[in-house]
Amino acid sequence: MAKRVSLSHLSKLSFTPQKKLQTPASLCTLSSPDKTQIEETPTIHTNDKNESFIHDHECHQQQLQKLSAFIQQGQFVPAENLTTSLLFSKSPLAPSDLFTLFSHNSPSLKLVFSNFLLSLLAKSKMHGEALGLYKAIRKEGRIEKADEVLQKEIEKGFVPDEVVYNTIVNGYCRMGDTNKAISTVEAMEKLGLKPDCVTFNTLIDKFCQLKEMKYAKEWVKLMREKGVAPNVETYNILINGYGRMCQLDRCFVIIEEMENSGIKPNVASYGSLINSLCKDGKLLEADLTFRDMISRGVLPNVLIYNMLIDGYCTVGKLKDAFRFYDEMVEGETRPTIVTYNTLMNGLCKKGRTKGLGPKADTYNLLIGEYCEQKDFVGAYFWYREMFENNFLPSFTACNELVIGLREQGRLQEADIICSEMKAKGMDDSSSDEGVAAVAKV
């Protein structure tokens, strides 16, 4: 597929209503010798707004069924009348909402209905509503149809803005159709609209994803020629792109270019670079880049820590992996379940080698975090690692784990912990409430 860069040739571009509660028969009745027995029915007070909503919804559902039947039978005149009544009734539906509801009720007819509804909106000169319909169609993943909607509206006099065109460019890029994305940019310029950073970054990112760095560079050049200065996101996209190609020297060049342009690399810039270095097994360089980032006042986030931990676990350097784990906890960066699972997998691959795991405090933190996630099997894994590496779990960690295991019916594991803790001297005589709970089998 040709990747055009020149802009010289412009181209065109079920809800179920609630049932009312049945009033129960009276449990006692009033009677007198002089009067006929009367059974009183209590009055049920309902919210008028709720009743109105349910009534409107029921009416809409009935009308949608009729509309579906008309369209299926090709009766477009009554279909148009009914659609108009739905759009302009006392409880009107927006065209985009009508399209969504109709598509849900009659999915096989949604293509026909979108064309029908578009024609009706164009005839009524409802340009804003047509744009809303465009967005609804785009959500359905039918970007070409959405583009057709927009083009027809332009022919009717509607002038879209940069946001609308950027949305279309993004849609075509997500589909992998860079030629149509470029054609959309050309059409945008033809209307006197200027592509902005979002426009260019979308195309540059797509070419980077396709590993077409030549075209990505050409679009950066064109971006500058059009008077649009690359921003931090542009540079981050390029770092990601060169990282995918394992051209790590180019990644460092991009960082240097950023700084020379007066743009400070952010955490995403360093994250892209560190991720590429870790995946390429260059952990020393990743570590140095990490330290350089911190020295420049850019604080790491959990994603960067996870990258480094994963990198070291992959090559079996668990001490370094846990070094970064300890550092992130001490720096008040909260680990995620990804962090814990990465460490667990690293230990499993290493065969639970003694001496390579974390410190006692770290083990207790890991047990606590897994318990908080209600993953008591994972917490038990860390308990076993801790015990087999001759560390004594904290009373609190054991107590929480035993309670959780029992709640999940894993009595065997809970009993094992209790037995092992008793053997370590944790019994009812302890002053700690957690120990007492653990000791009671």
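These residue numbers are counts, starting from 1, taken along the chain as shown.
Cβ coordinates are placed from backbone N, Cα and C, and glycine is handled just like the others.
Residues annotated as repeat 'PPR' in TrEMBL: 161-195 (among others).
Beyond its flanks by at least six residues, the repeat 'PPR' (196-230) meets 3, 5, 7, 162, 165-166, 169-170, 173, 176, 178, 181-182, 185, 188, 237-238, 240-242, 244-245, 247, 261, 263 of its own chain at Cβ-Cβ distances under 8 Å. For 196-230 (among others), the entry in TrEMBL reads repeat 'PPR'.
If you look up TrEMBL, you'll see 231-265 (among others) marked as repeat 'PPR'. Outside the repeat 'PPR' (231-265) by six or more residues, the chain places 197, 200-201, 204-205, 207-209, 211, 213, 216, 220, 223, 272-273, 275-277, 279-280, 282, 285, 293, 296, 298 with a CB less than 8 A from a CB of the stretch.
Long-range Cβ contacts of the repeat 'PPR' (266-300) within its own chain (Cβ-Cβ under 8 Å, at least 6 residues beyond either end) map to 232, 235-236, 239-240, 242-244, 246, 248, 251-252, 255, 258, 307-308, 310-312, 314-315, 317, 320, 328, 331, 333. Positions annotated as repeat 'PPR' by TrEMBL: 266-300 (among others).
What TrEMBL records for 301-335 (among others) is repeat 'PPR'.
Feature annotation from TrEMBL assigns repeat 'PPR' to 359-393 (among others). Mean pLDDT across the repeat 'PPR' (359-393) comes to 83 in this model.
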Counts by DSSP class (helix H/G/I, strand E/B, coil) across the repeat 'PPR' (301-335): 26 helix, 0 strand, 9 coil
